[in-house]
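J.: I'd like to ask you about the structure that follows.
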Amino acid sequence: MKIGVIAIQGAVSEHIDALRRALKERGMSAEVVAVKHKGVIPECGGIVIPGGESTTLCRLLAREGIAEEIKDASARGVPILGTCAGLIVLSKEGDEQVEKTSQELLGIMDTKVNRNAFGRQRDSFEAELEVEILDSPFTGVFIRAPGIVSCGPEVRVLSRLDDLIIAAEQGNVLALAFHPELTEDLRIHQYFLDKIFKNA
């Protein structure tokens, strides 16, 4: 089985490394691949959309033909993890900033996002988070992070910070405003792997 990490921009190598370590710890076997072009996603049993700059990410996903492949994979129930800008890309609706830049969001999650909910790049910070799927706090690394301001009834809220939703799940899709790949804590990647292998 392949797990594809969208490798257009963002913390790509960190996600690949975290997934490989999580696979090893779980005693699972899968090939983690960097996805740069159309044609790889249909072979993947799991997809990661890393952080980066959401406007550029949306444009490149559409241009490379990867956006439609991700939508098709999601419709088939393939587990998808989006972190930071990945959370924005997965959403159905953005704020005025997103509308202004004409970003073509994937619309896979029934969520509305505030693109820079936690400020600009200089406003990076860490916070101890209670995340519903974990049995103890998780250190969230936030870098110019977005936040979910509202969501539909099918969305399960997993964590909040400052009245904003920062982790949510809708069926096969998991979206985080923070960067689990920038910590040594593999629990979220392991949770995602469990979703992938249950779906396989």
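Yeah, the Cβs are placed from backbone N, Cα and C, and that goes for glycine too.
For reference, Swiss-Prot lists these features for the protein:
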BINDING   GLY52, GLU53, SER54, ARG115, ILE143, ARG144  L-glutamine binding site
ACT_SITE  CYS84  active site, nucleophile
ACT_SITE  HIS179  active site, charge relay system
ACT_SITE  GLU181  active site, charge relay system
J.: Out of GLY52, SER54, CYS84, ARG115, ILE143, ARG144, give those recorded positions positioned within 10 angstroms of HIS179 (active site, charge relay system), comparing C-alpha atoms, in sequence order.
T.: CYS84, ILE143
J.: For GLU53 (L-glutamine binding site) and CYS84 (active site, nucleophile), what Cα-Cα distance in Å is obtained after rounding to a whole number?
T.: 9
J.: Which three-state DSSP class does GLU181 (active site, charge relay system) fall into?
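T.: In the DSSP reduction, GLU181 (active site, charge relay system) maps to helix.
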J.: So how many other Cβ atoms are close to GLY52 (L-glutamine binding site), meaning within 10 Å of its Cβ?
T.: 21
J.: Report, as a single number, how many Cβ atoms besides its own are within 10 Å of the Cβ of ARG115 (L-glutamine binding site).
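T.: The answer is 23.
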J.: State which of the following recorded positions has the fewest other Cβ atoms within 10 Å around its Cβ: CYS84, ILE143.
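T.: Result for the recorded positions CYS84, ILE143: minimum number of other Cβ atoms within 10 Å at ILE143.
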J.: Of these recorded positions, GLU53, GLU181, which scores lowest on Cβ atoms within 10 Å?
T.: GLU53
